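Remarks on the structure that follows.
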Amino acid sequence: MKRRILLLAGGQSGEHEVSLMSARSVLGALPRDRFDVTPVVISKEGRWLPPTETQKALESGAAPTGGDLVLHRVASAEGYDAVFPLLHGPMGEDGTVQGLLTLAGIPFVGSGVLGSAVSMDKVMTKQVLASAGIPQVAWRLAVRREWQRAPQAVEARAAELGFPLFVKPANLGSSVGISKVSAAAELRPALDLAFSLDRRVILEAMTAHKPREVEVGVLGNDAPIASPVGELRFEADFYDYETKYTEGLATMHVPADLPPEVSERIRETALRAFRALDCAGLARVDFFYVEETGEVLLNEVNTMPGFTTTSMYPKLLEAAGYGYSELVTRLVELALEER
Ligand code: ATP
Ligand code: MG
Ligand code: MG
Ligand code: MG
């Protein structure tokens, strides 16, 4: 019997377009002899588009408006065996859609409410991983109300970390809203930008030296596997949006050229983080490797990483023996697995 799969893409976050790119790849790769796949694009306003509008959005690469109220469409999603919520960022990767699908009783690919919500929020992630003894950079939290009422207190807290530091919306991805701040005078615009995108902002100490950026793909539910370690190389000051999505500005190296002991430490830490955060299905765990000091610092966990055929996560799993089609098939199987 063919499994009926609902593929959700687009969504309300700053990663709407990235999600549609991933969706085109996944749609092309789910084997048609095993799956009946229906894509539904979610507009930037959060409404679920009917079939013809979905097709148009997939072709044009964006859906600013249109669609029905979410709850109407979820009720009609009951006829599916599983949902693949290929959504990045808030209102998609953060436990909200996962909650809706849990209530509707439909199995879905990836982490549940808890793992999604905690992993999306960079501060919650750091708190959970710190309690699991996983090394990370120093950080501070700031909330919007504080920034509006007592900006000096937020600036003083930032200064405790020293410069340069990173200012990030706590719940986002693709480097949207992230600034590297080199001096106190640059703090204000960086905080204004981050708070325009999120109520919670994380301030992070920069690694002691420009780090090597290495990533691991994790696949599985309660007995997950870790891929070989991959590395991203680029000329830019940090891995910003432009560097991520402009052809030729960054290169991926799998496996990364690392001492075997370091690779093993990174892979083992990725699995510990996956478990500590109660992730499921898949995650891309990103690290900083500071060559000068030998430190491996966990940067973040992405529960629905970029998923085009040329994205890092599929490349990492390819190195672990999973072709792209095989990988998406495996993810649906994991969604349907008894836990
Ligand atoms: P993704 O698209 O992977 O979800 P993101 O938007 O969640 O990314 P981060 O991975 O937290 O953002 O940060 C983006 C980039 O900024 C990193 O890949 C790195 O280049 C740089 N960066 C972030 N934090 C630090 C730090 N504390 N020290 C050094 N570089 C950092
Ligand atoms: Mg991220
Ligand atoms: Mg992300
Ligand atoms: Mg990242």
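Every residue gets a Cβ built from N, Cα and C, even glycine.
Going by TrEMBL, these are the annotated features:
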- Glu15: active site (ACT_SITE)
- Ser174: active site (ACT_SITE)
- Ser311: active site (ACT_SITE)
- Lys122, 166-168, 174-175, 204-213, 299-300: ATP binding site (BINDING)
- Asp286, Glu300: Mg(2+) 1 binding site (BINDING)
- 126-333: domain 'ATP-grasp' (DOMAIN)
In the chain carrying Glu15 (active site), residues 6 or more apart in sequence that have Cβ under 8 angstroms from it: His88, Gly89, Leu172, Gly173, Ser174, Val176
Among Lys122, Ser174, Lys210, Glu213, Glu300, the recorded positions whose C-beta sits under 6 Å from ligand 2: Glu300
Set of same-chain residues at least 6 away whose C-beta sits under 8 angstroms from Glu213 (ATP binding site): Glu231, Leu232, Tyr239, Asp286, Phe287, Phe288, Tyr289, Asn299
Helix, strand or coil at Ser174 (active site) [DSSP, three-state]: coil
Between Ser311 (active site) and Glu300 (Mg(2+) 1 binding site): CA-CA distance (Å): 17
DSSP state at Thr207 (ATP binding site), helix/strand/coil: coil
Cα distance (Å, whole number) from Lys122 (ATP binding site) to Ser311 (active site): 22
Residues among the recorded positions Ser174, Thr207, Lys210, Glu300, Ser311 that border ligand 1 - Cβ under 6 angstroms, in sequence order: Ser174, Thr207, Glu300
Sequence-ordered binding-site residues from Lys122, Lys168, Asp286 with Cβ under 6 Å of an atom of ligand 4: Asp286
Of Lys122, Lys168, Lys210 (the binding-site residues), the residue whose Cβ has the fewest other Cβ atoms within 10 Å: Lys210
Secondary structure of Lys168 (ATP binding site) (DSSP, helix/strand/coil): strand
Tertiary neighbours of Thr207 (ATP binding site) (same chain, Cβ under 8 Å, six or more apart): Val137, Phe288, Val290, Glu295, Leu297
Neighbour count (Cβ, 10 Å) for Ser174 (active site): 21
Assigned conformation of Asp286 (Mg(2+) 1 binding site) - DSSP reduced to three states: strand
